[in-house]
Amino acid sequence: MKTLGEFIVEKQLDFSHATGELTALLSAIKLGAKIIHRDINKAGLVDILGASGVSNIQGEDQMKLDLFANEKLKAALKARGEVAGIASEEEDDIVIFDGGRAENAKYVVLMDPLDGSSNIDVNVSVGTIFSIYRRITPFGTPITEADFLQPGTKQVAAGYVVYGSSTMLVYTTGYGVHTFTYDPSLGVFCLSGEKVRYPATGCMYSINEGNYIKFPLGVKKYIKYCQEQDEATQRPYTSRYIGSLVADFHRNLLKGGIYIYPSTASHPQGKLRLLYECNPMAFLAEQAGGKATDGVNRILDIVPEKLHQRAPFFVGTKSMVEDAEGFIAKFPDEEAK
């Protein structure tokens, strides 16, 4: 049995120039995940369920667990001293860590502390998503928003934690995707999958079909394609949608499938956040042999203009994403009014 800590250190030794700072940063995320895991498991017993009574910058109600997870991860990252600051879906602006050590830190972290938190009240899987970049401002100076507004191709590492029947941490540093399962009796994450890849073909599609009438024409046509009978392509595909990006992505990664959150009449720019959700998941998908686009453009090539920028999102098995892109190209964008 190999623990996450042992695995990270082992991989660090493969690079003679490694300083251990990224290793320490990942350890901070690991600690935050353990704390969130602990409290999610007793969410029905303590007063951390339901809405907090405040809204985030997008105007969405923040759940109590959103704020709890945000504070715990922020504290864990600040304590290590390897991070200059963070940007979070739950924060209006970037958070600059104070102190001389933070000003000389190499990295910034972007995160969705608790994705799918609206599901927690009914005991559905939720997750934490994180993305790590090297700062671009000079060491010894405060970081700025520019450090966070980098394209996804600049990510140093990305990953997620899924809190389900078991808690799993999945991450990449650009050398494959690795999965670790939490053993609560030992308090450690244990290696459960190394260099995980999407199956060559997929048979599941994940989309909120309740919004069908609002979808672009190409997406509607692709959904019908997924539902049609065709033995040669093993259709119809199975529809599976949990409503938690991390849970849907994780299932499709292991089983083969596509996750779609397109633009709609009410959200013409898409709804998922480019920096906190799309970029880290796109990095993981590509490292696992999959593909991620906004329906036309590669997600990782998009240069962000603002912290809470949104984007349509198509991610999963490469052939399925390419099929969806084909329908979008063939049937020009047409949204229901």
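A Cβ is built for glycine as well, from the same backbone N, Cα and C atoms used for every other residue.
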Check: Hey, Swiss-Prot has Mg(2+) 2 bound by ASP112, ASP115. Any idea which of GLU231, GLU277, GLU286, GLU305 it lists too?
Finding: GLU277
Item checked: Additional site residue, ASN70, ASN208, ASN211 [criterion: listed by Swiss-Prot with ASP115, GLY116, SER117, SER118, TYR241, LYS271 for substrate] -> ASN208
Margin query: Record says ASP112, LEU114 bind Mg(2+) 1. Source is Swiss-Prot. Which of GLU82, GLU89, GLU90 does it list for that same site?
Written below: GLU89
Item checked: Length of the line joining the Cα atoms of TYR241 (substrate binding site) and ASP115 (Mg(2+) 2 binding site), in Å -> 15
Notebook entry, point to check: Can you name the residues of this chain that are 6 or more positions from LEU114 (Mg(2+) 1 binding site) yet have a C-beta less than 8 Å from its C-beta?
Noted result: ILE36, MET63, LEU65, ASP66, PHE68, ALA69, ASN70, ILE120, VAL126, GLY127, THR128
Notebook entry, point to check: Beyond ASP112, ASP115, GLU277, what residues of that chain have CB atoms within 8 A of the centre of the Mg(2+) 2 site's CB atoms?
Noted result: GLU89, MET111, GLY116, GLY127, ILE129, TYR160, LEU245, VAL246, LEU272, ARG273, TYR276
Checklist line | Distance from GLU89 (Mg(2+) 1 binding site) back to GLU277 (Mg(2+) 2 binding site), taken between C-alpha atoms, in Å | finding: 9
Next item on the list: Please work out the number of neighbouring Cβ atoms within 10 Å of the Cβ of SER118 (substrate binding site), leaving out its own Cβ.
Entry: 18
